[in-house]
């Protein structure tokens, strides 16, 4: 009776656990859905923030365009255009937009507090007493008892306790998820209300963005217009300046020519002898005039563009261009030939099919299609019969005797002529293709066979395209119908699921969401601030600005033209640079012929000559100065480089000397050490070396005996029995079609076997425990853990194996310890080799090996083990 009650309670616990799992999954899914809905509701707030950034950026671009327009207008100020300060330009720009207030962060539902367990360091360290009754049983040779002595009632009680603990945890999880879903429902309702508050402001922002975009486009057009007009005015000014310069140059040349003519007219007549000179005559002036004339000629040649016919001459044989018309005609002819070939192949296939069908069917039962009738009527009976005869003859020439015999037997069975039987049994129609094509070429000039074939081919392709389009349309309609049916079924299924989930959530205590009034008030305040900062530059302001720009542009253009005209007139009145103002003709001095010694005046040509000569001297002096500086710099560089190279050579020599001394010293020390080693090795083997070898052999023997002792103790215990139980569990999983669990159990069995062998060799208990615990890790027993009962028993079995290993390791080996004590006593009686002098390297290496072997046997042992260290 108690067993039945325990079974019913255990079954009820399982059902309760499954129900809690279902509720947790449903609450988690509802939580995810509510979070998605909250994110969708927050899109309005995010869009509001993004639109605010777009509005600010558009305003900045509008301000930049206004500044650029004002800068273009300022270019028309002739009086010191650079004097226009930046404050004048920036005064027309609108004030910078106020910074938009930061939006409130999105609502995040509070999550349940994570339960942090106690740290491992605070837990009291538990140690099992390895010297229990099991040690006594092993010492007397008895076998270890397994944990299978527990009663079934105790096992059921443990399992019920596990289920109670799991159910308690899951109930707490359900409560936490219910609170979380309620919070998310409140948050969702709040976000929906906030989205409604922001919807109107978002619409206003969209309208403002469109308005600002229109303003930006109009300002860009105005900027382009102002830029073009200002550029035209500046180009006209430059053209006027160039024309004035050309006029001044022409007047200057005319004045020079006039001076030359006047000087020639008022020269001394050749018949009047000069008076006797009272002083030395001045130097002749024809040479400087000649030089100045040459300079002018060179300047004119330099300014005159020279047209050189340097273009390579094309040989007469290569004077040809590509004729595109000829290329197009060639391409058309090639296309026509390709189409004619396709039509010929099409007709040949149709004729072969016609003759083959006629050879299979009887004469009375042959039903010709409209296309076949057209072909026969175009060819005529005589030509059609000739075609069949030539096809039969061609096949007769190509077929082997075996194929001919088969055709005869087929003709006898079907009671058809032999010739038609050859064509009816033909599988490869390409044998007849060449002969049929030749036949078509023979009669193509006599009939309109090609035109008929072209029409037939086009009609067939059109019909095939129509069939293909119709099939595609039908498939699209079917797919659309299937999608509609699937969508309707999914919608019905989703509605049914939503209704079911809602009813289940109401049973769990889920309430309707409530709106957070504080959040709504905050959103309303943010919306008011956003509305205040959303205003600014409007259409009326921009229209006034554009009107002022047009007025300012027209006014500045008029002032610019007037100032430019005045500047041109004043520039025309001034002489060229370096020239005296022109003297009118009525004010020119009249030189009398009787005056034989006119005052000598320096002409413009002579002044140009002196200026050129002075420039040559200055240029010559500068060249000499550059040469001297270059020589001084090169000499200084060579001197510095030589000093640097000398210093580097000295440093290299010092380093080389030091390296050589150090190398010699090291070599001498190495040679001395080698000599000492050779001397020591040459001596006969001393007693300490022999004793070290004896100790090493004793140590290896004791190691082997300890391993054999551990193996014997494991065989006497139930260690292999527990391993066999794990193997049987793997077979059980394999028989019950659970291959993944069986695989994990086999892996666990193999790792325990490897750990057992390692323990026999080294006696390392901690390594065995670590390996077995790793084998039971979560990622190693993912499918095995799904079978809770068997997995619990396996964990207990592994714990039993660990207990066996601890007990075996705690049992001392009397013989081994006795030998260790003897080795230690002998070592204490040995003389200290270091006190006598230098220790032999071979002895030092043996001692090191002994210490390593002893450390392997003595490290990582349990606390209750009585070890003797050498």
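Each Cβ is built from the backbone N, Cα and C atoms, and glycine gets one as well.
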State the residue range annotated as coiled coil by TrEMBL; the candidates are 428-458, 459-489, 490-520.
459-489
TrEMBL annotation (region 'Disordered') - matching range among 613-646, 647-680, 681-714, 715-748:
681-714
Determine the mean pLDDT over the coiled coil (608-680), rounding to the nearest whole number.
70
Sort the residues of the compositional bias 'Basic and acidic residues' (703-714) into helix, strand and coil with DSSP and give the three counts.
12 helix, 0 strand, 0 coil
